[in-house]
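Report on the structure given below.
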Amino acid sequence: MFRTVSAIAISGLVKTFGASRALDGLELEVAEGEVHGFLGPNGAGKSTTIRVLLGLLRADAGSVSLLGGDPWGEATALHRRLAYVPGDVTLWPNLSGGEVIDLLGRLRGGLDEERRAALLERFELDPAKKGRAYSKGNRQKVALVAAFASDVELLILDEPTSGLDPLMEEVFRACVAEERARGRTVLLSSHILSEVEALCDRVTIIRAGRTVESGSLAELRHLTRITIEAETTAGPVHEQVEPGELPATLQRLAHAGVTNLVAHPPTLEELFLRHYGAAPEEAGRSE
Amino acid sequence: MTGLRILFGLALRRDRVMLPAWVLGLGAAVLVTSTSYADLYKDPASRREVVTTLGETPATLALYGRIYADSVGGLVGWRLGGIALALAGLMTILLVTRHTRADEETGRAELLGATVVDRRAPLAAALLVATTASLALGVVVTLAVLAAGGGDATASALVDGATLASAATSGGTTLADTAALAAATTGGTALTDTAALASAATTGGTVFADGATLVFAPAASAGTGIDLAGALALGATFAAVGLAFAGVAAVTAQVTDSSRSANGLAVGVLGAAFAIRALGDAGPHWLSWLSPIGWGQQVRALAENRWPVLLLPLALAAILTVVATVLHARRDLGAGLFPPRPGPPRGALATPLQLAFRLQRGALVGWAAGFAILGAAFGSIAQDIGDVIGDSTDVKHALQTLGGQQDLVDAYLSATFGILALIAAAYAIQAVLRLRGEETSGRAEPILATATSRTRWALSHASIAFAGVALLLAAAGLAAGLGHAAQTGDANEIPRLTAAALTQAPAAWVLAALALALFGAIPKGTAAAWGALALALALVELGPLADLPQTLIDVSPFAHSPQLPGGELGAGPILNATLAAGLAAAGLYGLRRRDLTSS
Ligand SMILES: Nc1ncnc2c1ncn2[C@@H]1O[C@H](COP(=O)(O)OP(=O)(O)O)[C@@H](O)[C@H]1O
Ligand SMILES: [Mg+2]
């Protein structure tokens, strides 16, 4: 597989809303055929970047190339080749989910009927419900089924699992893995590090409109220290360790008489906190 | 109730433009109607004409209701009793839905519901806002009517107060005398005399005092018949009817599961109330007593001021408030009373235009039905109007400034089509602004992320607005033609009036296109389209009455519509259509260049 062609190439992207600078020289490179994680805390500029990629927003500065074309000037032609799942899916209150799936599929140039049926089953989605009757997770499923069932080269998914329960999150991960196997490119925006780790070949991390890290997961391994929270007879333990230090740490805890143990990857916030020393004043602002 | 004050304050803040606009807008309409009536019908003979003809023709009775006094005040009360009252109901319906079901739909209610707020507080706050608006409207209507009555009214109001006491002591026998005197002074017909007498006999005090006014201050009543008591009664009528429909909306907001259907159902009740009183006024009168709007008319403000009748709408408002509270307590936040029905699991929609039509067809059908009914109503009274106006030169002049210098029946129909075109423009503006709603709600985004261009998407909704205007006017013209043909026996009226109505479409298109231009170029300022409509309405309808200079009136596209039927076609429609095309193109150009925003 060719890994040299870029599905998405963004450099020096700037987007301002009035006085506030949502994107401030952002860089993003997504190779064809890869699943690319797009990470950042709330308000970092993920959705804004995606809207620029979709030609919904116009870049103030920088260069943006999508599937080899200009997303602003050639939006309509490029959109035939991609499917998009917004972070916050709003549906028409009086259209059924099935109607919306079929409409979006046709507007993109066709749906794979078999995949449509299979996806409805896997996501356990009732297509006969009206838009206003769906929960947030189910609205997201409508958009996901429409996207996965359409025959496109690129999937742009903006925090697509924020409303899904853990079982559905599993189904979603399986679907993304299948897309990768079929050679499609996926841009997956998320603020959940574990999800990105499970799915993505490469990751770009942004903060306050700027790219702070980009590379393969192996390259970023140094970022993924493990947080250990334990209760021992000697008192509580709270520390972060490199994966290589884990055997030693566990032995030490066993000697200290561990009664309870939780180990998890650092949250993005913890990661930034460590990466930048002081608390990043803008990284945690909400949308 | 915890949180009520905060919610009420929040609602008032959100409505700081909408609420005064409604109240002052309706107040202005009342002021202009009363002033122009005071001017047009100075002459008792002209008033007698109106009473004997409009007051006895079934079609006009259905449209405007019965006339209960032939003073200027009586005519003002009559003219404002039907459609203006219905508008007061519309105001409170929209207010209540906006602060109840619409908030639940958008999730704002959930946000607030999670704070320290009583469960019932949002409904109570909405009703409190509607009450505030109704009372404000009552005050404004009272003041507007008094202003139109001029110095006379204030004088008579003073006399009225002074005579109230003496009237109360003057005893039963004077009743018939004063009524007879009233008839003599104002030159009323036998019909209204007996009606006034009968109701005076049954309702007592207040009417009695009015009658007494005639004895002690005949000059005031012979002048306008507008006094403080009457103005207050009319204001109170507006407030009470507003409250009744606030209650209706409070209930429909519980029953339905979307603001669109809550408004639709409540406006349906309003329409039914209007239709029932129309039937009652034209035929079996007891029917009027089944309608809140009928109750408003039966107060007979500025004629008999039957205050006790006001208890009916107020009682209805109270009962409906209780019903809404009970229903509200029994359902979940966000849910309606009935479980939502499932839709089709597969969809046939394949293009943006099909989607737009699907989203707009319900509203379009409703508007078209309304236009057909209005057209039929106006068409079937056209012939009678001609007879009425026959010898009243003032009215004739006023109508001809609006409708044209042709045959009077044609002038009337042409003026009617002009008004319908303004209403069609309101339809078109809201249809175009669906685009903005789709954009801010985030529903446009997935569509525009497919192979759908912005132009194609915008045109999908805009073309429904443009075609919708033509459809509405054609429906009104066709129905008017059928109604008029039934009266005259001339089937040629059908195509003639349909075509005449359609020539008004380009003026409405200009406003639709203006809304599209605003949407494309200044999306945050799309509300200005409504301002433009209000201005056009004021210029065309009120300009001639207020003697505004023609150059100012000509700013409105509606001033360039042909005065058809009867007049010349002229270049107006072509100019308007060209202007509309230009504005639409500007809007599409702007839309292609700007950012799309979603909340
Ligand atoms: N239409 C807009 N107008 C003004 N500010 C915006 C708009 N869209 C996004 N922003 C701001 O830009 C920043 C980035 O937002 P967004 O891209 O939605 O972040 P993310 O998707 O990473 O959570 C935020 O500070 C947000 O408030
Ligand atoms: Mg986002």
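Glycine is treated like the rest: Cβ placed from N, Cα and C.
Only residues 6 or more beyond the boundaries of the transmembrane segment (B:21-38), in the same chain, are considered here, and those with a CB under 8 A from a CB of the stretch are 72, 75-76, 79-80, 84, 87-88, 91, 133, 136-137, 140-141, 143-145, 147-150, 224, 226, 238, 398, 534, 538, 542, 545-546. Annotation comment: TrEMBL describes B:21-38 (among others) as transmembrane segment.
Annotated transmembrane segment per TrEMBL: B:76-96 (among others), in sequence order.
Sequence annotations record features per position, and here TrEMBL assigns transmembrane segment to B:123-148 (among others). With a threshold of 8 Å between CB atoms, the same-chain residues lying at least 6 positions outside the transmembrane segment (B:123-148) that come near it are 1, 4, 7-8, 10-12, 15, 19, 22-24, 26-28, 30-31, 34-35, 37-38, 73, 76, 80, 88, 91-92, 95-96, 98-100, 154, 157, 224, 226, 228, 230-232, 234-236, 238-240, 242-243, 246-247, 249-250, 253, 302, 321, 324-325, 328.
If one looks beyond the transmembrane segment (B:228-253) by at least 6 residues along the same chain, the residues whose Cβ comes under 8 Å of a Cβ in the stretch are 26, 73, 76-77, 80-81, 84-85, 88-97, 100-101, 123, 126-127, 130-131, 133-135, 137-143, 145-146, 149, 153-154, 156-157, 160-161, 206, 209-210, 259, 261-263, 265-266, 269-270, 292-293, 295-296, 299, 301-303, 305, 307, 310, 313-314, 316-321, 323-324, 327. Look at TrEMBL and you will find B:228-253 (among others) tagged as transmembrane segment.
If you look up TrEMBL, you'll see B:265-287 (among others) marked as transmembrane segment. Packing against the transmembrane segment (B:265-287) from elsewhere in the chain are residues 58-59, 61-63, 65-66, 82, 86, 89-90, 93, 96-97, 245, 248-249, 252, 255-256, 293-294, 297, 370: each is 6 or more residues past its ends and has a CB under 8 Å from a CB in it.
Residues annotated as transmembrane segment in TrEMBL: B:307-327 (among others).
Per TrEMBL, transmembrane segment is recorded for B:364-382 (among others).
Look at TrEMBL and you will find B:411-433 (among others) tagged as transmembrane segment.
Summarising the annotation, TrEMBL assigns transmembrane segment to B:464-485 (among others). Long-range Cβ contacts of the transmembrane segment (B:464-485) within its own chain (Cβ-Cβ under 8 Å, at least 6 residues beyond either end) map to 353, 356-357, 360, 364, 367-368, 371-380, 382-383, 413, 416-417, 420-421, 423-425, 427-429, 431-432, 491-502, 504-505, 508-509, 512, 515, 580.
Annotation source TrEMBL lists transmembrane segment at B:497-520 (among others). Residues 375, 379, 413-414, 417-418, 420-422, 424-425, 428-429, 431-433, 435-436, 458, 462, 465-466, 469-470, 473-474, 476-478, 480-481, 484, 526, 528-529, 532-533, 536, 556-558, 560-562, 564-565, 569, 572-577, 579-584, 586-592, 594 of the same chain, all 6+ positions outside the transmembrane segment (B:497-520), place their C-beta atoms under 8 angstroms from a C-beta of that stretch.
The annotation transmembrane segment is assigned in TrEMBL to B:527-546 (among others).
For the transmembrane segment (B:574-591), the residues of the chain that approach it from at least six positions outside its boundaries are 454-455, 458-459, 462, 466, 506-507, 509-510, 512-514, 516-521, 557, 560-561, judged by C-beta separation under 8 angstroms. Residues or ranges marked as transmembrane segment by TrEMBL: B:574-591 (among others).
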